[in-house]
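Annotated features, as they stand in TrEMBL:
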DOMAIN    A:86-270  domain 'Phosphatase 2A Regulatory Subunit A helical'
REPEAT    A:12-50  repeat 'HEAT'
REPEAT    A:89-127  repeat 'HEAT'
REPEAT    A:166-204  repeat 'HEAT'
REPEAT    A:205-243  repeat 'HEAT'
REPEAT    A:244-282  repeat 'HEAT'
REPEAT    A:283-320  repeat 'HEAT'
REPEAT    A:326-364  repeat 'HEAT'
REPEAT    A:365-403  repeat 'HEAT'
REPEAT    A:404-442  repeat 'HEAT'
REPEAT    A:482-520  repeat 'HEAT'
REPEAT    A:521-559  repeat 'HEAT'
REPEAT    A:560-589  repeat 'HEAT'
Amino acid sequence: MAGAEGDDSLYPIAVLIDELRNEDVQLRLNSIKKLSTIALALGVERTRTELLPFLTDTIYDEDEVLLALAEQLGSFTVLVGGPEFVHCLLPPLESLATVEETVVRDKAVESLRKISQEHSPVDLEVHFVPLVKRLASGDWFTSRTSACGLFGVCYPRVSSTVKAEIRQHFRTLCSDDTPMVRRAASSKLGEFAKVLELDYVKSDIIPLFTALASDEQDSVRLLAVEAGVSIAALLPQEDLEDLVMPTLRQAAEDKSWRVRYMVADKFSELQKAVGPEITKNDLVPAFQNLLKDCEAEVRTAAANKVKVFCESLPEDSRETIIMTHILPCVKELVSDTNQHVKSALASVIMGLSTILGKDNTVEHLLPLFLVQLKDEYPEVRLNIISNLDCVNEVIGIRQLSQSLLPAIVELAEDAKWRVRLAIIEYMPLLAGQLGVEFFDEKLNSLCMAWLIDHVYAIREAATCNLMKLVEKFGAEWAQNTIVPKVLGMANDSNYLHRMTTLFCINALSEVCGQEITTKHMLPVVLKMSTDQVANVRFNVARCLQKIGPVLDSSALQAEVKPVLEKLATDQDMDVKYFALEAISVLALA
Amino acid sequence: METPTKLPPSSPSSPTTGFSVPSAEKVDGFPRRSMRRARQRRSHSSSQFRYQSSQVELTPLPLLKDAPVAELHDLFCKKLQQCCVLFDFLDCVADLKGKEIKRAALNELVESVATSRGVLIEPLYPEAIKMISVNIFRTLPPSENPEFDPEEDEPALEASWPHLQLVYEFFLRFLESPDFQPSLAKRYVDQKFVLQLLELFDSEDPREREYLKTILHRVYGKLLGLRAYIRKQINNIFLRFIYETERFNGVAELLEILGSIINGFALPLKSEHKQFLVRVLIPLHTAKSLSIFHAQLAYCVVQFMEKDATVTEHIIRGLLRYWPKTCTQKEVMFLGEIEEILDVIEPSQFIRVQEPLFKQIAACISSPHFQVAERALYFWNNEYILSLIEENCQVILPLVFGTLYRVSKEHWNQTIISLIYNVLKTFMEMNSKLFDDLTSSYKVEKQNEIFRL
C-alpha cells in the first residue's frame with residue numbers, strides 16, 4: 001500500500017481520536033455524533049477491527065458523550081458489514097449497559113434490543129444470550145438492571161434449553177436483594193410474560209408476580225400492578241380468578257397509597273383485561289373504594305377514570321351499576337375537599353350523560369353539573385364548561401343556560417388573567433351551542449368588555465374570538481352587532497383602545513367580506529392615519545397592508561394609496577417603515 | 001436523570017398524570033405562593049387510619065409508680081397494649097379523653113424505662129417492639145407540595161406528633177436503658193423492622209427525622225448483627241435517590257450517622273466500604289438538592305481520607321468528574337469541600353492529583369461569578385495549602401499563571417482583582433525566577449497571537 005494512501009485512510013480515525021481526547025465536552029460530543037461518517041470512511045472491516053475496539057477500550061467519559069455513543073451504536077449494523085457481523089457491536093454496548101447513569105444505561109439497552117433483532121438465531125445464542133447472562137449475573141446492580149430488559153427480546157428466538165436458562169435467570173433477578181433490580185424485573189415482568197408459552201406463564205410468571213406484588217418495598221409492588229394487567233390479558237378467563245385476582249384485589253387495598261394510585265391509574269386497562277364478569281363482581285366494589293380512598297391522589301386518579309370505566313361496563317347491567325354503585329360515589333366527589341379531585345371529576349363527568357341518556361341526566365347528573373359550575377376553584381368550573389358539548393348532544397344546553405351564565409360571567413371577570421383567557425377560548429364553542437339569540441342577549445357585552453381588558457393577551461384573544469364568532473354567526477350579524485362597537489372605539493381617548501380597533505379590523509376584514517370592509521371599516525382606518533400617537537399611525541399602515549387584498553382596486557388606488565404615501569413621509573421612523581412596506585406589498589408604488 | 005421505571009408521582013403535579021400539570025399552571029399566572037398556602041391549610045392526611053374501623057375506648061390504668069412490685073410488669077405490659085390504640089389527630093377534638101389517657105401512659109412508660117432498673121424483662125420486649133411498630137410504621141402521606149423545597153418551604157408536620165414523639169422517646173430510652181439486652185432485642189428488631197425504620201427517614205417532619213437519626217445510631221451501635229444490613233439498605237436508599245427519584249428527605253440524617261460509622265471502620269478498609277465511597281458518596285454530589293446535605297457529605301468524605309489516605313485520588317478525581325457546570329452555588333460548595341480535603345491531604349497524595357485539580361481551580365478563578373472566583377482564591381489564605389503549593393510550585397504555577405494574569409486584567413470585580421494581585425505576589429515571592437520566566441513567555445505568546453491575527 002502506498003504511503004500516501006495509507007495516511008489518507010488513517011486520517012478520519014486520527015481526527016476522531018484527537019477530538020475524543022479534546023478537553024471540550026462539546027467537541028467530544030460532536031465527534032461521537034459523526035461516528036457513522038467516520039465508520040463509513042473507514043469501511044466495514046476497519047470499523048470492526050479498529051474503531052470498535054478503540055471505542056470499547058478508551059471510552060470513559062461524560063454521560064452526555066456515552067449517551068450519544070449508546071444511541072449511535074444502535075444503528076451501526078450496516079456500518080460493520082450487516083447482520084452477519086452485528087455481534088461486533090455487543091462489547092461496547094455491554095459496557096455501556098453497566099454504567100451508573102440511568103439515561104445512558106437505558107439507551108444502551110434500547111440499542112441492544114434493536115440490534116438483537118438483527119442477529120441470526122445462531123448468533124443470538126452464540127453471542128447475544130451469553131451477554132445477557134453475563135449482565136444478569138454481574139456484581140453491581142446496574143448490569144443486572146439492564147439484563148431485565150433484554151430477556152424478552154431473545155426468548156422467542158432461542159432453543160428450548162436456552163429458554164429454560166433464560167427463565168431461570170429472570171426468576172433469580174425477581175428475587176434479587178437490591179430493590180433497584182427487583183424494580184427493573186417488576187417493570188419488565190409483563191413484557192416477558194407476553195413472549196412466554198402459556199404453560200410457563202402459569203407455572204413461572206404467576207409465582208413471580210405474586211411475590212413481586214407483595215414485596216416489602218412499595219416501589220416494587222406498584223410496578224407489579226402494571227405487570228398484573230398484562231398477565232391478566234394473556235390468561236384464559238377461567239384461570240383469572242385463581243391466578244391473578246387475589247393479588248390484584250390485594251393491590252387495590254394495599255397499605256401504600258402509591259400502589260393504590262397505580263391500580264386506579266391502570267383501571268381501564270385492568271377492566272379490559274379481566275372481562276365483564278370479573279368487572280361486575282370485583283372491579284366495581286374496588287373502584288368504589290378507590291373513589292372513596294383516604295388519599296386525594298388516589299381519588300383523583302380514580303375520578304379521572306369514571307367515564308371510561310362506566311363506558312366499558314357490560315351493556316346489560318351498565319345503567320344499574322352506574323346508578324346504584326358509581327353515581328353515589330360521584331355525588332360525594334362533587335363536594336370533595338381537594339380541588340384536584342373535583343377538577344379531575346369535572347373533566348369527565350359530562351361524559352356520563354351520553355351513557356345514561358336524557359332522563360337520568362336531567363334527574364341525576366344535572367344537579368351535579370350545577371354544583372360544579374359553582375365550585376370555588378376556577379379550574380373545576382372551566383373543566384365543566386369545556387365539556388359542554390357532551391351534554392348538548394343529550395339534553396341540549398338550554399337546561400343549563402340559566403346556571404351557566406353566572407358561572408361564565410364570574411370566570412370572565414376573574415382576577416387572574418389566565419382564567420379569563422381560558423374562558424375566552426371556549427366562547428366560540430359556547431356561542432355555537434347557546435345560539436345567536438342567547439349570545440346577543442347575555443354574552444356579547446362580555447366579549448366586547450374583553451377588548452378593553454388591561455392585559456394585552458386578553459385583548460388579543462378577544463380579537464381572535466370575534467373573528468371566530470363572525471365565522472359562526474355570519475357577516476350580517478357582525479355588521480349589526482360587533483362592527484359598530486369595534487369602530488366606536490376608534491374615538492376612544494386611550495390609544496391602546498384605538499389600536500384594538502385596528503387589530504380587530506385586521507382579524508375581521510376577511511370574514512366580513514369586501515362590502516363591509518370597504519364601506520364601514522376603511523373610512524375609520526383612514527381617519528386614524530392622522531392620529532397623534534405614532535404607534536396608532538404605524539398600525540394604520542400595517543392594517544392597510546392586511547386589509548388591502550380584501551378591497552377592490554379602485555378603493556386601493558383612490559383611498560389607500562394617498563394615505564400610505566402621506567404616512568411614508570411621516571417624521572416617525574417606524575411609521576415610515578411600515579408605510580413603505582405596505583406600499584410595496586400592495587404594489588401601489 | 002430519568003427514572004428507569006415508571007413510578008407514580010408523589011404529588012398531584014407530577015408530569016406523568018393527565019390531570020395534574022394543567023391544574024394551577026394553566027389557569028393561573030402566579031400560582032405558586034398562593035397555592036402553597038392554600039395547600040398547607042389542607043388537613044394532612046395520614047394513611048394510618050384507613051383500616052381502623054372500631055375505636056377502642058380507653059380506660060385509665062393505675063399509675064406505674066403506685067403498683068406493687070409483683071404487678072409492675074403486668075401493668076407495664078397492659079400500658080404497652082393500651083398504647084397500641086391509634087388516634088385520629090386530623091380531627092383535633094375527637095376522643096380527647098382517649099388521647100389524654102394514651103399520652104399519660106406513654107409518659108409513664110418513658111419515665112419508667114428511663115429511671116427505674118429491672119423493668120425491662122424478657123416478656124416485655126415483644127410487647128414494646130409491637131407498640132413501637134404499630135405507632136411509628138405507616139405509609140408516609142403524599143407530599144402536600146409537589147415542588148417541596150426543603151430550603152424554602154415549611155415542611156409538613158406530622159399531626160400525631162404529640163403521641164409519636166413520646167413513642168420515639170420511649171424507643172430511645174428503651175435502647176439506652178442499662179437493662180437493654182441486645183441478645184433479646186435482636187429477635188424483634190430484625191431486618192424487616194430496620195427496613196421500615198429506614199423508610200421513615202423520608203418523613204418531611206424534621207423532628208421525626210431527628211429522633212430516627214439518634215435511634216438508628218443506637219440500633220447500629222447495639223445490634224451488631226444488623227450493621228451490614230443497615231449499611232446496605234442505606235446504600236440502596238442513596239442509589240435510588242441519585243439515579244431514580246431525586247427525592248428523599250432524610251439524606252442529611254443518614255449521612256450524619258454514616259459519618260460516625262465511617263469513623264469506626266477497621267483498617268485496611270474493606271472493599272465494600274471503598275465501593276460505597278466511590279459508587280455512592282461521590283455520585284451523591286450530583287444531586288440537585290446537594291446544599292441540604294453537603295456539610296454531612298463532605299464530612300463523610302473527609303472521614304474516609306483520614307481513615308485511609310489512598311482513597312484521596314478516587315475522591316478528587318470523582319469530584320472533578322462531577323464538577324458543576326452551570327450551578328455556581330454548587331461550585332462554591334465543591335470548592336469548600338476541596339479545601340476541607342486539602343486541609344488533611346497527605347503531600348504524597350497531593351502530588352498525584354495536583355495537575356487536574358489546579359486546572360479546575362484555574363477555571364474557577366476565571367469564573368465570571370465572583371463568589372466562585374473568590375472561593376477559589378481563598379485557598380491561598382490557607383497556610384497548609386500554601387505550603388503544598390510552594391513545594392510544588394514548578395508544576396502548579398505554570399498551570400494557573402495564564403489564568404491569573406489574564407483575569408487580573410479583565411475581571412469586573414475589584415475584590416477579585418486585588419485577591420489575584422495577592423496571589424501573584426505570593427508566587428513572585430515563592431519563586432521569582434519561575435515567575436519572571438512565565439511572565440516573559442506569556443507576553444511573547446500574547447504577541448504571537450496578535451501577529452497571527
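Keep in mind that glycine also has a Cβ here, set from the backbone N, Cα and C atoms.
Counting only same-chain residues 6+ beyond the ends of the repeat 'HEAT' (A:560-589), those with a CB under 8 A from a CB of the stretch are 522, 526, 529, 534, 537-542, 544-545, 548, 551. Note on the repeat 'HEAT' (A:521-559): residues 483, 487, 490, 495, 498-499, 501-503, 505-506, 508-510, 512-514, 566-567, 570, 572, 574-575, 577-579, 581-582, 585-586, 588 of its chain, located 6 or more positions outside it, place their CB under 8 angstroms from a CB of the stretch. The DSSP breakdown of the repeat 'HEAT' (A:404-442), given as helix, strand and coil counts, is 35 helix, 0 strand, 4 coil. Note on the repeat 'HEAT' (A:365-403): residues 330-331, 334-335, 339, 342-343, 345-354, 356-358, 410-411, 414, 416, 419, 422-423, 426, 429-430, 433-434, 438 of its chain, located 6 or more positions outside it, place their CB under 8 angstroms from a CB of the stretch. Away from its own ends, the repeat 'HEAT' (A:205-243) comes close to residues 170-171, 174-175, 179, 182-183, 185-187, 189-194, 196, 198, 250-251, 254, 256, 258-259, 261-263, 266, 269-270, 272-275, 277-278 of its chain (Cβ-Cβ under 8 Å, at least six residues beyond either end). Remote same-chain partners of the repeat 'HEAT' (A:482-520), defined as residues 6 or more beyond its termini with a Cβ less than 8 Å from a stretch Cβ, comprise 444, 447-448, 451-452, 459-460, 463-464, 466-467, 469-471, 475, 527-528, 531, 533, 535-536, 539-540, 542-543, 546-547, 550-552, 555.
Across the repeat 'HEAT' (A:166-204), the model assigns an average pLDDT of 93.
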